[in-house]
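To start, the structure itself, in structure tokens.
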């Protein structure tokens, strides 16, 4: 009997092959896997590990430094990271991929490591670096802003965009940019992250876009394009002419005038102010130093004291706030006796003209007291004091007089005191200079000697022994001096915010003449007058009298020395040498006030 052949078992060769593959060569040496048993279970982990080895993957039983991929099931990234920290494989080692089981199963199906996508990665909570955030009050008049600006790049960009908006008669946008720049200027540290600006006031979407571009890209495209704009450049040049506003400049640009030379050649009809502004363009657009401002003050002092002994002169504007340079000088003039200041401006102007100091002047009379029913509220923010807008002729000798050393000796090298003026574009030559008979008397003075009245020969600009300086003189009654000083010290934004604060928060109306209580119906009772008579000339008293009425005493304190663009030196600590030197009955009071704040 022939024995039956044994039947072959199907699939026996495959099992043999697969079993031999369990310990086969690693097909992917750059990928070392580790399956986390946590929430996966021992049996499932063993099955998946065996499957991976059969596919040619290197799957480690124990976690080690060689592991590149950690596979987890039903665990968060933070949970896996915590486990790794306990194994000594935390953030300090070579980065390891924390992956969901889905990546492993897809790789098994493909027979090779698939690309790691975001859906494969375990999400970890990002640990953000601590960001310094800022907090500032909403109104500029509530903030302390010093001369030290920690965000110059940002504020310069916003200020240029503000200037461009103002030159384009878009005052609303200009104010928005100015307020944003003021907030950044008041910050105690540089801005490095947009998160630092969360919750800050006055930062609109447009300003934030500009700031973000600068922080992320190093520059703002809008700032750069505006800066390089031909229209912006032309507006800057033309409005730099004294007496030329944005509308006049815009009209000239539409007529094809973009430069000073084109204006000179155009035959445009210019008023006296514009003629003087064009003639002295280079001087008026060159920064004025504090020493030069002091020299002008010496001239104004001599003029005022000579016509009204006992009158008082105060430096206002940016120089009073502690700035080292500016483009004009402002002076506030008053007299301790109410009414003695009437008619003073015309006498001061006559004295200055007789001494040859004025190249141009325009005087406006005081219209504040014209109403028969008493003082009326100004219809606009501009005050109605008696004012003189002028251009002074500041000589080398006048400037040198304010720069003597403390020991009283003259500078041994007088050449160093010369006021050098750069070569002016389109400076006057014989063919461009009109005949003397056609030049108004006010425009002729720069060519007439103040000593003997003889004609001076025109000199090259680089050797001119004088420069033109913009000077504003304001005469105020002593009863309104406090508010006049407040209004003329600035800055423009500070004054705007102070009026806004008074109106919105305190139901008051503030001007350079008075402070009104809007809740009072009777006009005579609505003005705060009770403290004015005692103010005298001491600016410390001004601080202690006006600001408490506006509830700003905590924000504006005598410790705010030499405030910057917005914070003014209201405590009076920045008195000029001229103020201290003037002889008047309240000198002792003034000195005591300054001493208490220094």
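Every residue, even glycine, has its Cβ placed from backbone N, Cα and C.
Nobody curates TrEMBL annotations by hand; they come from automatic prediction.
Under the heading region 'Disordered', TrEMBL lists 1-23, 397-463. Residues or ranges marked as compositional bias 'Polar residues' by TrEMBL: 12-23, 425-439. As annotated by TrEMBL, domain 'BRCT' applies to 23-111. As annotated by TrEMBL, Mg(2+) binding site applies to 328, 330, 472. Summarising the annotation, TrEMBL assigns compositional bias 'Basic and acidic residues' to 397-409, 441-460.
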For 328, 330, 472, listed as binding-site residues, tell me which one has the smallest number of other Cβ atoms within 10 Å.
472
Any further residue of that chain within 8 Å (Cβ to the Cβ centroid of 328, 330, 472) of the recorded Mg(2+) site:
316, 317, 329, 331, 389, 470, 471, 473
Based on DSSP, tally up the residues of the domain 'BRCT' (23-111) by helix, strand and coil.
33 helix, 15 strand, 41 coil
